[in-house]
Amino acid sequence: MLTKFETKSNRVKGLSFHPKRPWILASLHSGVIQLWDYRMGTLIDRFDEHEGPVRGVHFHSSQPLFVSGGDDYKIKVWNYKTHRCLFTLLGHLDYIRTVQFHHEYPWIVSASDDQTIRIWNWQSRTCVSVLTGHNHYVMCASFHPKEDLVVSASLDQTVRVWDIGALRKKTVSPADDIMRLTQMNSDLFGGVDAIVKYVLEGHDRGVNWAAFHPNLPLIVSGADDRQVKLWRMNETKAWEVDTLRGHMNNVSSVMFHAKQDIIVSNSEDKSIRVWDATKRTGLQTFRREHDRFWILAVHPEMNLLAAGHDSGMIVFKLERERPAFALSGDSLFYAKDRFLRYYEYSTQRDSQVIPIRRPGTPSLNQSPRTLSYSPTENAVLICSDVDGGSYELYIIPKDSVGRSDVVQDAKRGTGGSAVFIARNRFAVLEKSTSQVLVKNLKNEVVKKSSLPIPTDAIFYAGTGNLLCRSEDKVVIFDLQQRLVLGELQTPPFVRYVVWSSDMESVALLSKHTIIIASKKLVLQCTLHETIRVKSGAWDDNGVFIYTTLNHIKYCLPNGDSGIIQTLDVPIYITKVSGNTIFCLDRDGKNKAITINATEYIFKLALLRKRYDHVMSMIKNSQLCGQAMIAYLQQKGFPEVALHFVEDERIRFNLALESGNISVAVASATQINEKDHWYRLGVEALRQGNSGIVEFAYQQTKNFERLSFLYLITGNLDKLSKLMKIAEVKNNVMGQFHNALYLGDVKERVKILENAGHLPLAYITASVHGLNDIAERLATELGDNVPSLPEGKTPSLLMPPTPVMCGGDWPLLRVMKGIFEGGLESADRGGTVDEEDGEGDWGEELDINVDGMENRDIEDILAAAEAGEEENDEDGGWGGLEDLELPPELDTPKASANARSSVFVTPTQGMPISQIWSQKSSLAAEQAAAGSFDTAMRLLHRQLGIKNFTPLKSMFLDLFNGSHSYLRAFSSSPVVPLAIERGWSESSSPNVRGPPALVYDFSQLDEKLKSGYKATTSGKFTEALRLFLSILHTIPLVVVETRREVDEVKELVTIVKEYVLGLQMELKRREMKDDPLRQQELAAYFTHCNLQTPHLRLALLSAMGVCYKAKNLATASNFARRLLESNPVENQAKMARQVVQAAERNMTDATKLNYDFRNPFVICGSTYVPIYRGQKDVSCPYCTARFVPSQEGNICTVCDLAVIGADASGLLCSPAQVR
């Protein structure tokens, strides 16, 4: 049993398949009727007008109707398109058990607990016949699929067959009045529309179900006596043929299968049973744990059944319908109806080869599952589920194609799956042991091999290789070398494996997923489908064509997929050749379907950058549609999408997206809406095409923007024209602004005066030195002359000179892209040529001013200038006409391409900081590139650094030091420049060097010397600051050679010793009141690895401290060490005196934690000795040592790294990386 769909719901009492669509109606005990799409697994609709359980439901065979009958005594007829109940038929007096439409007449038959069967006319909405005769509840009633018969089953233990021929004659309209009279009489005196033809008695209990065979004179019934009975009938009588026993409880429903010779029954014993109708034996039983079955439905056309139970329903198949097939070159071998058949693609010839199974084996789910073919040996392996999985090996005689009388005894064996892996070897899977047996054609085991994963199926994967499938992964296994060649995680249960013809790619098909991978199982893409995937094949271009239950689809190598066409019935693709798909249908017939491959070939050409193909396809094919445009936009080809689109609005958007201003202008002109002109203006401004910006602003009459545009481009003529237009339009503010932009003071004074602002006009005139106007205004103002502030020098308000006068931004000349150039000819005539348009745009401001055309204004303004222009007309640039030129030479004409070269934005390069950060694994260079997080990660990994606070300023210095900035024009942004290390004029401009770094090794040398100096002169705080800054800088230093790397590492060690010693010395000076600790710290300082002069000073200091504290023995030890270091005379004298004093009394007054005989290192945090043999932890960067309890803290010496952290070591040179 192959479950196709399952629902969880209330108890299902009625079921009905739609004859054409993948729908099923389920009526529930709760009163709801559900409409499900069993292919998609979705609930389409629910109808809930019945009160109480709905026991019967049925689809009409051709109208969008269904009928339902329930425990509320009502029969309802519904229209599922309008989602409503059309009408209710009333008449039954008790629960309604079943309802059914007649296949031809407008009738409904219903069975009820009121012991009657009623036939209704659903067009006239009346009851046309009542069938009485049963004397208990009528459990079901149904029409015969072809004849005028009704069968009913009742709890009175009988099955009745009724003849309704008279009713049919009555419905076919009567011919004359006499007939009509007799009809009226019969209606009045109890008509005989339906008569009982047979009463079938034989069941010992109430009968729950009875059904006709679709085309034989057979009836099957099921009853509470747990038996299924088969009855036969002829014209005169009916009799019992056989009884099928096996159910353990009441049989609820029983049906004949529509396609096969089998009976299906279900029962309250929680089982569905399948019986052989000819042999009358049980074939199979399917059980549920807790749910009793109540109803069965058989699909009228397809191999589908449905069963309703206590908690829902299942839609299922009894057998797989996929034919087993194997492809070999131009031919196909496939199994059908117990024969192996052969189909040749080129001639489309189909023939039988050999019979493949002895007839008479029980036929349920025993059909061939897979087929494998060896062309050289002409051998076929057929696997099926017989005996839990077995195979049969046939050798096809050379002459037997077309003659199928040769019955040969096949070589058989058991095994999960079997495939040919070489010319005369095949592999058989033993599931239990997860082993593969390699056998020869005599069916003898040649070799055994264990598989690398628990395998439940094997597939061919090239000669000698197997693809092994487990539940959630597949591997390719080489049987010869016993190696795994590739491995891939997959969704549960890959069902089919399809290799491309060159064996370079493989498609793994599971129920809802397609995975495409390379021959080594490297994942290329994954595709999810809601509807079940059925089959697939590769076409010649490397596109995978596959089918679902209702579509043929394609999958490109990058995972893009789409629908090629819709299917009415599922098919199984065997081969794709050009535009033809060869396939097998569920009946095992070969079909060739012609498809339109244009869409996926086009997408493939785009994907593979085969732009010449794309071009020719755009010109020659009818590719169109929103989906195509959306696809091109999404993939970054708006300029290609432009050539598919007729709709001006979409053209406009695409043109803006691809920067094609000329097309955008043409579209905006067609659309002519304010918003589109505004967007065009924004894009043109972005491209610096001031001509088009101006044109767009003119179209929207946007004078403020135009004024500003003329100001910044320095177009003062047009600005003054705008001012005059503002005057004509009586726009005082616009007039004033334009006068301000022009720096026209007289005009400003005039405007202010006309507007009545005389004081402002006076101030403007007097400040700008227009004294005569100022005096005139002063006399007008009389006593109200405003006073100007004393002692201030006024500055004139004049507009700045524009940075760049004149036209558009300079554009790079670039060859047209493949698409613009090639498609120019194919394009429509509507586009505006950019070059020609620019010149005279803007000269014509098409603006209506109070009924005056712009032309009129132009005329008014031009009247004064006309005179001068006339005088100029003759002179001008004349004199070229009378040049005596030599005869025309063969001057080479400019190539067509040069004409059509147009600006295409160059692709943006990679920012230098990104190049630096990609190329380098040195922290300093990452910081210089601005990748601080990467630099921090590197330092953490290399040196265990966790405290980055001391490094923050250095990171910023490195970043700032590797970049410089150039200021260009005031209106343009600052230009950043990268400063490269070791740059010279001869270096190639395309190869970027590493960043310049502000810290280098030589600076550290200088710092070290300063530190020594400060230590010698006793400035310990200053010295400590210098040494620490060296430790903090070293991680961000880059050197060139290996020798310098060693010097850097040595410097770390030197500086670490000084930092530790100076920290202890400063600590000692703080501890005035603890003489014991003072002595210890002074003693430890002498064990730091210092320069000799500094060591002498440390020894001298320790000797003095101990001597004062009466620790003479310890003091004499320091004195001896001091004498061994060749000190200066006064130091030597003091040391000798201490030794003499100690020799008289070699004792210590106090016990110190200090044993100079036992070698030790000092803990950098607690300042206690760690003697040889004791455990310690160290800093991964400065190598200072610590007691184990300090592990995980920040190192107190370098203040950067975590004590005891894992680190790979200092990386400060490209030489280390190479």
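The count begins at 1 with the first shown residue.
Glycine too: its Cβ is placed from the backbone N, Cα and C atoms.
What TrEMBL says about a protein is an automatic prediction, not a curated fact.
Positions annotated as domain 'COPA/B second beta-propeller' by TrEMBL: 340-585.
The domain 'COPA/B TPR' annotation in TrEMBL covers 611-772.
The domain 'Coatomer alpha subunit C-terminal' annotation in TrEMBL covers 816-1218.
If one looks beyond the repeat 'WD' (5-46) by at least 6 residues along the same chain, the residues whose Cβ comes under 8 Å of a Cβ in the stretch are 52-59, 61, 66, 68, 70, 78, 80, 83, 98, 294-301, 304, 306-315, 530-532, 549-550. TrEMBL lists 5-46 (among others) with the feature repeat 'WD'.
The repeat 'WD' annotation in TrEMBL covers 47-88 (among others). Sequence-distant contacts of the repeat 'WD' (47-88), counting only residues of its own chain at least 6 positions beyond either end whose CB sits under 8 Å from a CB of the stretch, comprise 13-19, 23, 25-33, 35, 94-101, 103, 108, 110-112, 120, 122, 125, 300.
Along the repeat 'WD' (89-130), the predicted structure has mean pLDDT 94. Annotated repeat 'WD' per TrEMBL: 89-130 (among others), in sequence order.
Residues annotated as repeat 'WD' in TrEMBL: 131-164 (among others). With a threshold of 8 Å between CB atoms, the same-chain residues lying at least 6 positions outside the repeat 'WD' (131-164) that come near it are 94-95, 97-98, 100, 102-103, 107, 109-113, 115-119, 193-201, 203-212, 214-215, 219, 221, 223-224, 231, 233, 238.
The feature repeat 'WD' is assigned by TrEMBL to 200-241 (among others). Note on the repeat 'WD' (200-241): residues 136-137, 139-140, 142, 144-146, 149, 151-161, 247-256, 258, 263, 265, 267, 269, 275, 277, 280 of its chain, located 6 or more positions outside it, place their CB under 8 angstroms from a CB of the stretch.
What TrEMBL lists as repeat 'WD' is 244-285 (among others).
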Same-chain residues near the repeat 'WD' (89-130), Cβ under 8 Å, at least 6 residues beyond its ends: 14, 53, 55-61, 65, 67-71, 73-77, 136-143, 145, 150, 152, 154, 162, 164, 167-168, 170-171, 191, 193-194
Secondary structure content of the repeat 'WD' (200-241), with strand meaning DSSP E or B: 0 helix, 25 strand, 17 coil
DSSP-derived helix, strand and coil totals, residue by residue, for the repeat 'WD' (131-164): 0 helix, 20 strand, 14 coil
The repeat 'WD' (47-88) - residue tally per DSSP class, helix then strand then coil: 0 helix, 23 strand, 19 coil
Structural state census, the repeat 'WD' (89-130) (DSSP three-state): 0 helix, 24 strand, 18 coil
